[in-house]
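Heads up: the structure comes next, in structure tokens.
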Amino acid sequence: MLSNSLLQRLASWCPWLLRDEPKQPVKVLVTGAAGQIGYAIVPMIARGLMLGPDQPVMLHMLDIPAMADALNGVRMELVDAALPLLRGVVATSDEAEAFRGVNLAVLIGGWPRKEGMERNDLIAKNIAIYKSQASALQQHAAPNCKVLVVANPANTNALVLKEFAPSVPAKNITCLTRLDHNRALGQIAEKLGVHVGDVRNAVVWGNHSSTQFPDASHATVRTEHGEKPVRELVADEKWLREEFVSIVQQRGAAVIKARKQSSSLSAASAACDHMRDWILGTPKGTWVSMGVYSDGSYGVPDGIFYSFPVTCEKGEWSIVQGLQIDDFARSKMELSANELDEERSMAYEFVST
């Protein structure tokens, strides 16, 4: 007879061995799946990095007709990888087929920002895409489907999706600021020479743009002497308010300059982190940054998707309440809220014309 300790070890290594019945596959949609982020994220999902090492998945992959051959190549590679959790692959350019029955949707596909494009041009190009996907989401996805918008401008794309899928609860639509959150944790860890896993509770407020506000004032580090505030350990307010904020805000541009391409691996990893914590829950005492539909918390206007600190439990997110906001932070948060309000006005203007 197996001892309790051995059973616990088996449960941690191979949890499916101790379950009476196997889990049913979860259908996960990835749009823009033939692009760089899509190519990076689909094997992560199929290996259990999003939903856990015992959760089978069926991957639905969508891309535009011009990318059909490349998308089929991704499908072939998934087959060739012989991934035990992968129960099937749908690779299509048809939105209805892609969205049919999906439980989770990671929307990476969108009109990319090209040289010389202004933000309003980008919004105009993406409205048609997200209006169409909203219709497919509403008509074909499984009930209570949860959606993560990755394509930029992510916050406003999420708003367009919400407006054109009125039967989908606003709480089921989120946008990605976890990449910025992870970048903030990484910069703090490098500054202090600690492991990033020991840093927690940074916040990214606002828009996924250069107006975002990475905030380390509530962050802590696990040390041999207990949990310590980052502010105390860094002891350099100028770095926290200027260099740290600027590095995180401009990190995407720095990656493009170094790599000649935009962030892909880190974006895919962040999207997995976002969905994993949303579905499986955040660790106790830890919050993460998610772009969610504002309810007026912290004085942020209603009706925009704004990045807040959130905790997640049983598939639901909740905005962390009661954090102290000083005048410096307030000014940065308002700047990003104002930008999102302008983007909302632009989006509504394009919709009405």
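Indices start at 1 and increase along the chain as displayed.
Each Cβ is built from the backbone N, Cα and C atoms, and glycine gets one as well.
Residues annotated as domain 'Lactate/malate dehydrogenase N-terminal' in TrEMBL: 26-173.
Remark: GLN36 (NAD(+) binding site) has GLN261, SER262, SER264 as non-local neighbours, by Cβ distance under 8 Å and separation of at least 6 in sequence. The NAD(+) binding site annotation in TrEMBL covers GLY32, ALA33, ALA34, GLY35, GLN36, ILE37, GLY38, ASP63, ASN126, VAL150, ALA151, ASN152.
According to TrEMBL, the substrate binding site annotation covers ARG113, ARG119, ASN152, ARG183. Sequence-distant neighbours of ARG183 (substrate binding site) (same chain, 6+ residues apart, CB-CB distance under 8 A): PRO214, ILE247, VAL248, ARG251, SER266.
Taken from TrEMBL, the feature domain 'Lactate/malate dehydrogenase C-terminal' covers 177-350.
There are 29 other CB atoms within 10 A of the CB of HIS208 (active site, proton acceptor), with all protein chains counted. Look at TrEMBL and you will find HIS208 tagged as active site, proton acceptor.
For HIS208 (active site, proton acceptor), the nearest of the binding-site residues by C-alpha distance turns out to be ASN152; the candidates were GLY32, GLY38, ARG113, ASN126, ASN152. Looking at the domain 'Lactate/malate dehydrogenase N-terminal' (26-173) alone, the prediction's average pLDDT is 95. The DSSP breakdown of the domain 'Lactate/malate dehydrogenase N-terminal' (26-173) into helical (H, G, I), extended (E, B) and coil residues amounts to 68 helix, 28 strand, 52 coil.
Cα proximity to ASN152 (substrate binding site) (within 10 Å) is found for the following binding-site residues from GLY32, ALA34, GLY38, ASN126: ASN126.
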